Amino acid sequence: MSCFKSKFAGKSYFRRTFHSSIIQFHPQLSILIWHRRYSIIRTYELIANAAYIGTPGKGILAADESTGTIGKRFVSINVENVESNRRALRELLFTTPGALQYISGIILFEETLYQKTASGKLFVDVMKEAGVLPGIKVDKGTVELAGTNGETTTTGLDGLGDRCKKYYEAGARFAKWRAVLKIGNNEPSELAIHENAYGLARYAVICQENGLVPIVEPEILVDGSHDIEKCAYVTERVLAACYKALSDHHVILEGTLLKPNMVTPGSDSGSKVKPEVIAKHTVRALQRTVPAAVPAVVFLSGGQSEEEATVNLNAINQLKGKKPWSLTFSYGRALQQSTLKAWGGKEENVDKAQKAFLARAKANSEATLGGYKGDAQLGEGASESLHVKDYKY
C-alpha cells in the first residue's frame, strides 16, 4: 500500500479518496468487506487505484497483445516476431519522453510483465517511476459456446486466483478480461449474454479478492451490416446483464472499470455517421445501464482508425448531459498504428516513432477533456482503418 501512496497518487490523493469514497459508501462497503472478507486497506486500495486510472486527461495504453497477435502486426512492417523485437517495441513505447504523462495505466501481456529495458530495468519499475499503474491481461482467449451460432465464451477462470496473486506480487494493480459478442439476425443470444456476463463477474470478484482492479470488457464486435440503433439496443442489453451479474457476485463497483465498445453502425452497413451521433447513442446507452458508482468508462477502439477513435472520444466528452463517470480510453491499435509504421523495426527510427506515439497519446488526453482540435491526424497510418473481422488478441 505504501508503494501505491508514494509512487502513484501521493498521500493527499489517498486521503481524499478515503474521505469521499469510503465514508460516503460506508454502509454498503462494510457489508461487502464482511461478506468477501476483504481487508479495509485492500478495499481502499482498489477504489483509489480505479479512481486514479480514470483520471481525466489520462487513459490506458493496451499493450497486451498476445505473441501471435503482435506477430501479425510485425508482418505488416516486415519485422521478425522474436522476443527481442517485442521487447524493443515495448521499450520504445514505455520510454517515450513526455508520453506517460498522458497515460494512467498500461495493460501488459504476461511476457512483458517480467521483461526489462536494454539497460536492465524492469518495465514495471519504469511505469511506476512515471506514475503509471501496470495492468495484466488474465483471460485465456475465447472458445465456441455450445448450442449457439458460432458465439463464444471466454476461458481462464481455472487457476485465476493464483495467477492474480502472482501478478500482484510482480507489480500489477489492475487486470483485463475480454468477453466477445456479435450482432446478427438472432445474436447475441440470451445464452451468450448470460454466460459472458457471469464470466466477467466471476473474474471481477476473483481479481478484487487478490488486490487487482478488474476492467470489465464486454466487447460487441463491429462486424455486420446492422445500423447504429441495433448496436445501441444490443449494447444496453449486454451492459444491463453485466451489472446484474456484478451485483449478484457482490463486486465493489467503485473498484472496477468498464471497457465497452462505442455505439457505431456495423462495418458492412455502408453507413457513415457523424461523431456527434455516435456520442449521443453511446452516452445514452451508458446512462441507461452503468451505475454512477463506477468511476470510469475506458473505451476500446474496436478497429476504428487512430483518428476516428480520438475524434469520437472527443465528441463523447463534448456532449452535454449526465455523465457521472470519467470517459476516457483504453486503446491498443489506435495508439500504436502510426508508431509501428514510423518504427519499422529499425533502431534509427526510434525517435521518429516515439514522436508519433507522443502525438497520439497527447491527442487522446485532449479528447478525454473534449479539447482535441484534430492536430494529430497527419501521422502516417492515423486515418487507416484498423478493423479486422472477428478480431482476436
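Just so it is clear, glycine is given a Cβ too, placed from its N, Cα and C backbone atoms.
Summarising the annotation, Swiss-Prot assigns substrate binding site to ARG73, SER301, GLY302, GLY303, ARG333. All protein chains considered, the CB of GLY302 (substrate binding site) has 24 other CB atoms within 10 Å.
Taking Cβ-Cβ distances under 8 Å and a sequence gap of 6 or more within the same chain, the neighbours of CYS207 (S-nitrosocysteine) are VAL138, LEU160, CYS164, PHE174, ALA175, VAL213, PRO214. DSSP classifies CYS207 (S-nitrosocysteine) as helix under the three-state reduction. Residues annotated as S-nitrosocysteine in Swiss-Prot, with similarity to another entry given as evidence: CYS207.
Taken from Swiss-Prot, the feature S-glutathionyl cysteine applies to CYS207, supported by similarity to another entry.
Sequence annotations record features per position, and here Swiss-Prot assigns active site, proton acceptor to GLU217. Look at GLU217 (active site, proton acceptor): DSSP puts it in a strand. Around GLU217 (active site, proton acceptor), the same-chain residues at least 6 positions away in sequence with a Cβ under 8 Å from its Cβ are LYS176, TRP177, ARG178, ALA179, LEU200, LEU258, LYS259, PRO260, LEU300.
Classification of LYS259 (active site, schiff-base intermediate with dihydroxyacetone-P) by DSSP places it in coil, neither helical nor stranded. What Swiss-Prot records for LYS259 is active site, schiff-base intermediate with dihydroxyacetone-P, and it gives similarity to another entry as the kind of evidence.
Secondary structure at ARG333 (substrate binding site), as computed by DSSP, is helix. Less than 8 angstroms from the CB of ARG73 (substrate binding site) sit GLU65, GLN336, LEU340, each of them six or more residues away in the same chain. Counted over all residue pairs in ARG73, SER301, GLY302, GLY303, ARG333, the record's binders of substrate, the longest Cα to Cα distance measures 16 angstrom. When the recorded positions LYS259, ARG333 are compared by the number of other CB atoms within 10 angstroms of each CB, LYS259 has the fewest. Cβ neighbour counts within 10 Å, taken over all protein chains shown, single out SER301 as the most crowded of the binding-site residues SER301, GLY303.
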